[in-house]
Amino acid sequence: MRIDVVSLFPDFMRQCAAVGVVGRAQQRELLQVETWNPRDYATDRHRSVDSSSYGGGPGMVMMIEPLRTTLAAMRAAAAEPVHLVYLSPQGTRLTQGRVEALARLPRIALLCGRYEGVDERLLAHEVDEELSIGDYVLSGGELAAAVVIDAVGRLQDGALNDAQSAEQDSFSDGLLDCPHYAKPVHDALGSVPEVLLSGDHAAIARWRLKQSLGRTWLRRPDLLSQRGLDAPSRALLDEFRREHASRRPTRQDDATG
Ligand code: ADE
């Protein structure tokens, strides 16, 4: 898969895409990340990419022309058609489902705004989809683009070492992930749940699903209402609730109220 990033901070974007799973995916040639700086396509002697906003008010807006030529060069750099995503707080909220759909495309491009954003006319003509990574405002689209690159890059076939880990991710089945434990078995902070040491794969799978259901019920009940539960899952969640009611409170209870 190829991801083109249009950004005034191409070095930052390249560095983000060079580390961890995504960096490895690039080394394995599963993913190619290219950057395009609109400033390189500005024509005046100040290499301007922004101007003040018509109608007044503070803040600058990214102009059409440098972006239009940047996007034309970007589109022409490879044969595949590009699905162009603009990152902004006004976009549709990014979900794992959307990430999975983007990861199946051969080529996407990420347009990162700065200042107050991008001239609306350019967005209307060029952009296929506007995405937000959450209900908060960043000072530019770069961190959001880095989030998309990571989430999409790790889903490329062969990017993750353990083929199963993407399937076990939070959200991949509409539930949050279960708790995980590393060495040692016993510690002053507590012991690893016994079932995980039993070697009984069916019992472990049942425990993990119960924890996933329980966590989702506690932390993201909205996900449970969207997903719905079959009868066995409902019974497992009831079991979790009974156990939860009789356990000692933890710090997380304070944090979440
Ligand atoms: N740019 C600024 N804030 C953003 C957000 N929350 N999501 C995506 N892009 C953004």
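In case you wondered, yes, glycine gets a Cβ from its N, Cα and C as well.
Under the heading S-adenosyl-L-methionine binding site, TrEMBL lists Gly113, Ile133, Gly134, Asp135, Tyr136, Val137, Leu138. A coil conformation is recorded for Leu138 (S-adenosyl-L-methionine binding site) in the three-state DSSP classification, outside any helix or strand. Within 10 Å of the Cβ of Leu138 (S-adenosyl-L-methionine binding site) there are 17 other Cβ atoms, across all protein chains.
What TrEMBL records for 1-225 is domain 'tRNA methyltransferase TRMD/TRM10-type'.
In the vicinity of ligand 1, defined as a Cβ distance under 6 Å, the following of the binding-site residues Gly134, Asp135, Val137, Leu138 are placed: Gly134, Val137, Leu138.
Once the Cα atoms of Gly113, Ile133, Gly134, Asp135, Tyr136, Val137, Leu138, the listed binders of S-adenosyl-L-methionine, are compared pairwise, the greatest separation found is 16 Å.
Shown are the binding-site residues Ile133, Gly134, Asp135, Val137; the one with the most C-beta atoms within 10 angstroms of its own C-beta is Ile133. Among the binding-site residues Gly113, Tyr136, the residue whose Cβ has the fewest other Cβ atoms within 10 Å is Tyr136.
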